[in-house]
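Chemist: Have a look at the structure that comes next, please.
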Amino acid sequence: MSLTRLLIRDFRNIETADLALSPGFNFLVGANGSGKTSVLEAIYTLGHGRAFRSLQIGCVIRHEQEAFVLHGRLQGEERETAIGLTKDKQGDSKVRIDGTDGHKVAELAHLMPMQLITPEGFTLLNGGPKYRRAFLDWGCFHNEPGFFTAWSNLKRLLKQRNAALRQVTRYEQLRPWDKELIPLAEQISTWRAEYSAGIAADMDDTCKQFLPEFSLTFSFQRGWEKETEYAEVLERNFERDRQLTYTAHGPHKADLRIRADGAPVEDTLSRGQLKLLMCALRLAQGEFLTRESGRRCLYLIDDFASELDDERRGLLASRLKATQSQVFVSAISAEHVIDMSDENSKMFTVEKGKITD
(Lines of atoms letter the chains of each structure in order from A and count residues from 1; the text may use other names and numbers.)
(Lines give C-alpha, C1' and ligand atoms only; values in the text may rest on other atoms or scores of the structure.)
Protein backbone atom coordinates (compact mmCIF):
# COMPACT_ATOMS: atom_id res chain seq x y z
CA MET A 1 0.00 0.00 0.00
CA SER A 2 1.33 3.44 -0.92
CA LEU A 3 -0.06 6.95 -0.66
CA THR A 4 -0.37 8.24 -4.23
CA ARG A 5 -2.10 11.54 -3.50
CA LEU A 6 -2.23 13.82 -0.46
CA LEU A 7 -4.46 16.85 0.01
CA ILE A 8 -3.77 19.10 3.00
CA ARG A 9 -5.90 22.06 4.04
CA ASP A 10 -5.45 24.34 7.06
CA PHE A 11 -2.97 22.05 8.80
CA ARG A 12 -0.21 23.80 10.79
CA ASN A 13 1.22 26.51 8.52
CA ILE A 14 -0.07 24.87 5.32
CA GLU A 15 -3.11 26.62 3.84
CA THR A 16 -3.51 24.15 1.01
CA ALA A 17 -1.40 21.55 -0.77
CA ASP A 18 -2.19 18.87 -3.32
CA LEU A 19 0.71 16.46 -3.77
CA ALA A 20 1.20 13.64 -6.28
CA LEU A 21 3.57 11.22 -4.57
CA SER A 22 6.11 8.60 -5.53
CA PRO A 23 5.58 5.01 -4.35
CA GLY A 24 9.28 5.08 -3.44
CA PHE A 25 11.21 7.94 -1.86
CA ASN A 26 9.67 11.37 -1.33
CA PHE A 27 11.99 14.11 -0.11
CA LEU A 28 10.84 17.28 1.65
CA VAL A 29 13.57 19.91 1.68
CA GLY A 30 13.40 23.28 3.38
CA ALA A 31 14.70 25.49 6.16
CA ASN A 32 13.68 25.04 9.78
CA GLY A 33 10.10 26.22 10.24
CA SER A 34 9.29 25.99 6.54
CA GLY A 35 6.61 23.32 6.98
CA LYS A 36 8.40 20.16 5.86
CA THR A 37 7.77 18.42 9.19
CA SER A 38 4.14 19.53 8.94
CA VAL A 39 3.78 17.44 5.78
CA LEU A 40 5.09 14.38 7.62
CA GLU A 41 2.77 15.18 10.50
CA ALA A 42 -0.20 15.50 8.16
CA ILE A 43 0.48 12.00 6.80
CA TYR A 44 0.87 10.66 10.33
CA THR A 45 -2.35 12.35 11.44
CA LEU A 46 -4.25 10.94 8.47
CA GLY A 47 -3.29 7.47 9.67
CA HIS A 48 -3.65 8.01 13.43
CA GLY A 49 -6.21 10.74 14.01
CA ARG A 50 -3.70 12.75 16.04
CA ALA A 51 -0.49 14.68 15.45
CA PHE A 52 2.89 13.55 16.76
CA ARG A 53 4.20 16.95 17.89
CA SER A 54 1.22 18.17 19.90
CA LEU A 55 -1.94 16.72 21.44
CA GLN A 56 -3.52 20.19 21.50
CA ILE A 57 -5.82 20.40 18.50
CA GLY A 58 -5.58 24.20 18.49
CA CYS A 59 -1.87 23.96 17.70
CA VAL A 60 -2.51 21.81 14.64
CA ILE A 61 -5.33 23.73 12.95
CA ARG A 62 -4.03 26.70 10.97
CA HIS A 63 -4.38 30.08 12.68
CA GLU A 64 -7.94 31.50 12.70
CA GLN A 65 -9.39 28.42 10.96
CA GLU A 66 -12.04 26.11 12.41
CA ALA A 67 -10.80 22.71 11.23
CA PHE A 68 -8.17 20.91 9.20
CA VAL A 69 -8.94 18.60 6.30
CA LEU A 70 -6.74 15.75 5.08
CA HIS A 71 -7.46 13.49 2.12
CA GLY A 72 -5.42 10.72 0.59
CA ARG A 73 -5.52 7.99 -2.02
CA LEU A 74 -4.00 4.65 -1.14
CA GLN A 75 -2.93 2.28 -3.91
CA GLY A 76 -2.94 -1.39 -3.04
CA GLU A 77 -2.09 -4.35 -5.21
CA GLU A 78 -5.69 -4.81 -6.31
CA ARG A 79 -7.57 -1.58 -5.63
CA GLU A 80 -7.39 2.09 -4.71
CA THR A 81 -8.88 3.42 -1.47
CA ALA A 82 -9.89 7.03 -0.82
CA ILE A 83 -9.52 8.17 2.78
CA GLY A 84 -10.20 11.42 4.59
CA LEU A 85 -10.03 12.98 8.04
CA THR A 86 -11.53 16.26 9.24
CA LYS A 87 -11.00 17.53 12.78
CA ASP A 88 -12.32 20.75 14.32
CA LYS A 89 -11.26 22.90 17.27
CA GLN A 90 -13.58 20.99 19.60
CA GLY A 91 -11.68 17.81 18.78
CA ASP A 92 -14.55 16.24 16.85
CA SER A 93 -13.36 14.02 14.02
CA LYS A 94 -14.99 12.76 10.84
CA VAL A 95 -13.41 9.79 9.10
CA ARG A 96 -14.34 9.00 5.51
CA ILE A 97 -13.35 5.88 3.58
CA ASP A 98 -14.34 5.41 -0.06
CA GLY A 99 -16.95 8.16 0.15
CA THR A 100 -18.75 6.96 3.27
CA ASP A 101 -18.67 8.60 6.71
CA GLY A 102 -18.94 7.03 10.15
CA HIS A 103 -15.68 5.12 10.13
CA LYS A 104 -13.24 4.82 13.04
CA VAL A 105 -9.68 6.15 13.24
CA ALA A 106 -8.55 2.57 13.93
CA GLU A 107 -9.63 1.69 10.38
CA LEU A 108 -7.28 4.36 9.02
CA ALA A 109 -4.47 2.99 11.18
CA HIS A 110 -5.04 -0.49 9.78
CA LEU A 111 -5.03 0.79 6.20
CA MET A 112 -1.85 2.85 6.71
CA PRO A 113 0.73 0.99 8.82
CA MET A 114 3.56 3.44 9.29
CA GLN A 115 6.83 3.87 11.14
CA LEU A 116 7.81 7.27 12.49
CA ILE A 117 11.46 8.23 13.07
CA THR A 118 11.98 11.69 14.57
CA PRO A 119 14.65 13.41 16.69
CA GLU A 120 12.23 12.98 19.62
CA GLY A 121 11.89 9.24 18.98
CA PHE A 122 14.64 8.39 21.47
CA THR A 123 11.85 7.93 24.02
CA LEU A 124 11.45 4.42 22.61
CA LEU A 125 14.82 3.67 24.20
CA ASN A 126 15.32 6.12 27.06
CA GLY A 127 11.71 6.93 27.94
CA GLY A 128 9.36 5.03 30.22
CA PRO A 129 7.93 1.56 29.58
CA LYS A 130 4.80 3.00 27.93
CA TYR A 131 6.82 3.79 24.80
CA ARG A 132 8.04 0.21 24.46
CA ARG A 133 4.55 -1.10 25.20
CA ALA A 134 3.37 1.06 22.31
CA PHE A 135 6.04 -0.56 20.11
CA LEU A 136 4.75 -4.03 20.98
CA ASP A 137 1.11 -2.99 20.69
CA TRP A 138 1.69 -1.59 17.19
CA GLY A 139 2.80 -5.04 16.13
CA CYS A 140 -0.07 -6.79 17.91
CA PHE A 141 -2.60 -4.38 16.38
CA HIS A 142 -1.41 -5.16 12.85
CA ASN A 143 -0.99 -8.92 13.42
CA GLU A 144 -3.91 -9.86 15.71
CA PRO A 145 -7.42 -8.88 14.50
CA GLY A 146 -8.87 -8.99 18.02
CA PHE A 147 -6.16 -6.95 19.69
CA PHE A 148 -7.64 -3.46 19.42
CA THR A 149 -10.99 -4.47 20.92
CA ALA A 150 -9.29 -6.39 23.74
CA TRP A 151 -6.90 -3.51 24.44
CA SER A 152 -9.75 -0.96 24.50
CA ASN A 153 -11.75 -3.13 26.90
CA LEU A 154 -8.70 -3.59 29.11
CA LYS A 155 -8.23 0.18 29.40
CA ARG A 156 -11.91 0.62 30.28
CA LEU A 157 -11.86 -2.11 32.94
CA LEU A 158 -8.66 -0.83 34.54
CA LYS A 159 -10.16 2.65 34.80
CA GLN A 160 -13.29 1.23 36.42
CA ARG A 161 -11.29 -1.00 38.77
CA ASN A 162 -9.09 1.89 39.88
CA ALA A 163 -12.18 3.97 40.62
CA ALA A 164 -13.66 1.07 42.60
CA LEU A 165 -10.48 0.74 44.67
CA ARG A 166 -11.35 4.09 46.25
CA GLN A 167 -14.70 2.72 47.44
CA VAL A 168 -14.37 -0.96 48.35
CA THR A 169 -13.22 -2.49 51.64
CA ARG A 170 -13.08 -6.20 50.69
CA TYR A 171 -11.56 -7.96 47.69
CA GLU A 172 -14.85 -9.74 46.96
CA GLN A 173 -16.29 -6.38 45.94
CA LEU A 174 -13.78 -6.21 43.07
CA ARG A 175 -14.53 -9.64 41.62
CA PRO A 176 -17.07 -8.39 39.02
CA TRP A 177 -14.31 -6.30 37.41
CA ASP A 178 -11.57 -8.89 37.83
CA LYS A 179 -13.71 -11.61 36.28
CA GLU A 180 -13.60 -9.65 33.01
CA LEU A 181 -10.14 -8.17 33.48
CA ILE A 182 -8.17 -11.38 34.07
CA PRO A 183 -8.81 -13.17 30.73
CA LEU A 184 -8.22 -9.94 28.81
CA ALA A 185 -4.94 -9.30 30.62
CA GLU A 186 -3.73 -12.83 29.98
CA GLN A 187 -4.71 -12.73 26.29
CA ILE A 188 -3.00 -9.38 25.69
CA SER A 189 0.10 -10.59 27.50
CA THR A 190 0.15 -13.74 25.37
CA TRP A 191 -0.13 -11.71 22.17
CA ARG A 192 2.68 -9.40 23.25
CA ALA A 193 4.91 -12.31 24.24
CA GLU A 194 4.28 -14.07 20.92
CA TYR A 195 4.97 -10.88 18.99
CA SER A 196 8.20 -10.12 20.84
CA ALA A 197 9.36 -13.70 20.26
CA GLY A 198 8.39 -13.58 16.58
CA ILE A 199 10.18 -10.32 15.84
CA ALA A 200 13.28 -11.19 17.89
CA ALA A 201 15.26 -12.56 14.94
CA ASP A 202 14.47 -9.49 12.82
CA MET A 203 15.56 -7.16 15.60
CA ASP A 204 18.72 -9.15 16.20
CA ASP A 205 19.73 -9.26 12.52
CA THR A 206 19.04 -5.58 11.88
CA CYS A 207 20.77 -4.44 15.06
CA LYS A 208 23.86 -6.49 14.21
CA GLN A 209 24.09 -4.69 10.88
CA PHE A 210 23.58 -1.24 12.38
CA LEU A 211 25.54 -1.71 15.64
CA PRO A 212 27.92 -4.67 15.19
CA GLU A 213 30.10 -3.47 18.07
CA PHE A 214 27.41 -4.24 20.67
CA SER A 215 25.67 -7.37 21.90
CA LEU A 216 22.01 -6.37 22.17
CA THR A 217 19.36 -8.32 24.05
CA PHE A 218 15.59 -7.90 24.23
CA SER A 219 13.49 -9.19 27.12
CA PHE A 220 9.71 -8.98 27.37
CA GLN A 221 8.38 -8.32 30.88
CA ARG A 222 4.64 -8.94 31.09
CA GLY A 223 3.90 -6.71 34.11
CA TRP A 224 3.52 -9.30 36.85
CA GLU A 225 5.51 -12.20 38.26
CA LYS A 226 6.44 -15.05 35.96
CA GLU A 227 4.79 -18.39 36.64
CA THR A 228 2.06 -16.67 38.70
CA GLU A 229 -1.59 -16.49 37.68
CA TYR A 230 -2.85 -12.95 37.27
CA ALA A 231 -5.89 -13.75 39.43
CA GLU A 232 -3.57 -14.63 42.31
CA VAL A 233 -1.57 -11.42 41.85
CA LEU A 234 -4.68 -9.24 41.94
CA GLU A 235 -6.09 -10.86 45.07
CA ARG A 236 -2.76 -10.93 46.90
CA ASN A 237 -2.11 -7.25 46.19
CA PHE A 238 -5.59 -6.00 47.01
CA GLU A 239 -4.65 -4.07 50.17
CA ARG A 240 -1.66 -2.43 48.50
CA ASP A 241 -3.70 -1.52 45.43
CA ARG A 242 -6.40 -0.06 47.67
CA GLN A 243 -3.84 2.13 49.43
CA LEU A 244 -2.36 3.23 46.11
CA THR A 245 -5.85 3.61 44.56
CA TYR A 246 -4.63 2.01 41.35
CA THR A 247 -3.79 -1.46 40.02
CA ALA A 248 -0.04 -1.88 40.45
CA HIS A 249 0.42 -5.05 38.37
CA GLY A 250 -0.78 -6.13 34.97
CA PRO A 251 -0.28 -5.71 31.22
CA HIS A 252 -0.42 -1.92 31.67
CA LYS A 253 2.97 -2.27 33.42
CA ALA A 254 4.62 -4.44 30.75
CA ASP A 255 7.98 -3.52 29.22
CA LEU A 256 10.45 -4.58 26.55
CA ARG A 257 13.84 -4.26 28.21
CA ILE A 258 16.68 -3.53 25.82
CA ARG A 259 20.30 -3.94 26.87
CA ALA A 260 23.66 -3.42 25.18
CA ASP A 261 26.51 -5.55 26.53
CA GLY A 262 24.37 -6.29 29.58
CA ALA A 263 23.63 -2.66 30.49
CA PRO A 264 20.62 -0.45 29.72
CA VAL A 265 21.06 1.05 26.25
CA GLU A 266 20.42 4.59 27.47
CA ASP A 267 23.49 4.27 29.73
CA THR A 268 25.72 2.70 27.07
CA LEU A 269 25.03 4.14 23.63
CA SER A 270 25.79 7.62 22.28
CA ARG A 271 22.99 9.71 20.75
CA GLY A 272 24.07 8.67 17.27
CA GLN A 273 24.07 5.01 18.30
CA LEU A 274 20.66 5.39 19.96
CA LYS A 275 19.28 6.80 16.71
CA LEU A 276 20.73 3.87 14.78
CA LEU A 277 19.13 1.46 17.24
CA MET A 278 15.79 3.25 16.98
CA CYS A 279 15.98 3.04 13.17
CA ALA A 280 16.94 -0.63 13.34
CA LEU A 281 13.94 -1.46 15.52
CA ARG A 282 11.53 0.44 13.27
CA LEU A 283 12.92 -1.28 10.19
CA ALA A 284 12.72 -4.69 11.85
CA GLN A 285 9.11 -4.06 12.76
CA GLY A 286 8.21 -3.05 9.22
CA GLU A 287 10.03 -6.01 7.70
CA PHE A 288 8.33 -8.42 10.10
CA LEU A 289 4.92 -7.03 9.10
CA THR A 290 5.74 -7.54 5.41
CA ARG A 291 6.89 -11.10 5.94
CA GLU A 292 3.87 -12.04 8.06
CA SER A 293 1.12 -10.28 6.11
CA GLY A 294 2.57 -9.11 2.78
CA ARG A 295 1.77 -5.50 3.74
CA ARG A 296 4.38 -2.74 3.67
CA CYS A 297 4.81 0.21 6.01
CA LEU A 298 5.09 3.85 5.15
CA TYR A 299 8.25 5.27 6.71
CA LEU A 300 8.25 8.88 7.92
CA ILE A 301 11.71 10.22 8.76
CA ASP A 302 12.08 13.74 10.11
CA ASP A 303 15.47 15.48 9.97
CA PHE A 304 17.19 12.56 8.28
CA ALA A 305 20.75 13.83 8.71
CA SER A 306 20.66 14.56 12.45
CA GLU A 307 22.95 12.41 14.63
CA LEU A 308 24.17 10.30 11.66
CA ASP A 309 27.43 10.48 9.72
CA ASP A 310 27.62 9.83 5.97
CA GLU A 311 28.31 6.11 6.39
CA ARG A 312 25.36 5.55 8.71
CA ARG A 313 23.03 7.61 6.53
CA GLY A 314 24.05 5.46 3.58
CA LEU A 315 23.38 2.27 5.53
CA LEU A 316 19.94 3.45 6.60
CA ALA A 317 19.10 4.56 3.05
CA SER A 318 20.11 1.21 1.56
CA ARG A 319 18.04 -0.72 4.09
CA LEU A 320 15.03 1.49 3.47
CA LYS A 321 15.34 0.93 -0.29
CA ALA A 322 15.54 -2.81 0.26
CA THR A 323 12.12 -2.79 1.96
CA GLN A 324 10.53 -1.54 -1.31
CA SER A 325 8.31 0.62 0.91
CA GLN A 326 7.15 4.19 0.47
CA VAL A 327 9.43 6.57 2.36
CA PHE A 328 9.01 10.24 3.28
CA VAL A 329 12.17 12.06 4.34
CA SER A 330 12.63 15.64 5.51
CA ALA A 331 15.98 17.42 5.37
CA ILE A 332 17.31 20.96 5.56
CA SER A 333 19.45 20.52 2.44
CA ALA A 334 19.06 18.44 -0.71
CA GLU A 335 22.74 17.51 -0.30
CA HIS A 336 21.80 15.29 2.65
CA VAL A 337 19.45 13.14 0.58
CA ILE A 338 20.61 13.42 -3.03
CA ASP A 339 22.51 10.13 -2.83
CA MET A 340 19.24 8.36 -1.98
CA SER A 341 17.43 9.72 -5.01
CA ASP A 342 16.70 7.72 -8.16
CA GLU A 343 14.47 8.02 -11.23
CA ASN A 344 11.38 7.08 -9.20
CA SER A 345 11.95 9.58 -6.37
CA LYS A 346 10.23 12.92 -5.94
CA MET A 347 11.84 16.02 -4.44
CA PHE A 348 9.58 18.66 -2.87
CA THR A 349 10.75 22.10 -1.81
CA VAL A 350 8.95 23.59 1.19
CA GLU A 351 9.02 27.30 1.98
CA LYS A 352 6.68 29.11 4.40
CA GLY A 353 4.03 26.42 4.05
CA LYS A 354 4.16 26.37 0.24
CA ILE A 355 5.18 23.09 -1.39
CA THR A 356 6.54 22.75 -4.91
CA ASP A 357 8.12 19.89 -6.84
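Each Cβ is built from the backbone N, Cα and C atoms, and glycine gets one as well.
Reproduced below are the annotations present in Swiss-Prot:
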- Gly30, Ala31, Asn32, Gly33, Ser34, Gly35, Lys36, Thr37: ATP binding site (BINDING)
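So that I understand the layout, could you describe where these features sit and how close they are to other parts?
Modeler: Sequence-distant neighbours of Ser34 (ATP binding site) (same chain, 6+ residues apart, CB-CB distance under 8 A): Val350, Glu351, Lys352, Gly353.
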Chemist: With every protein chain in view, what's the tally of Cβ atoms within 10 Å of the Cβ of Gly30 (ATP binding site), excluding that atom itself?
Modeler: 23
Chemist: Just going by other Cβ atoms within 10 Å, which of the binding-site residues Asn32, Thr37 has the emptiest spot?
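Modeler: Counting other Cβ atoms within 10 Å of each of the binding-site residues Asn32, Thr37, the minimum falls on Asn32.
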Chemist: Given the recorded ATP site (Gly30, Ala31, Asn32, Gly33, Ser34, Gly35, Lys36, Thr37), which additional residues of the same chain have their Cβ within 8 Å of the Cβ centre, ordered by sequence?
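Modeler: For the ATP site the neighbour list reads Ser38, Ser330, Ile332, Val350, Glu351.
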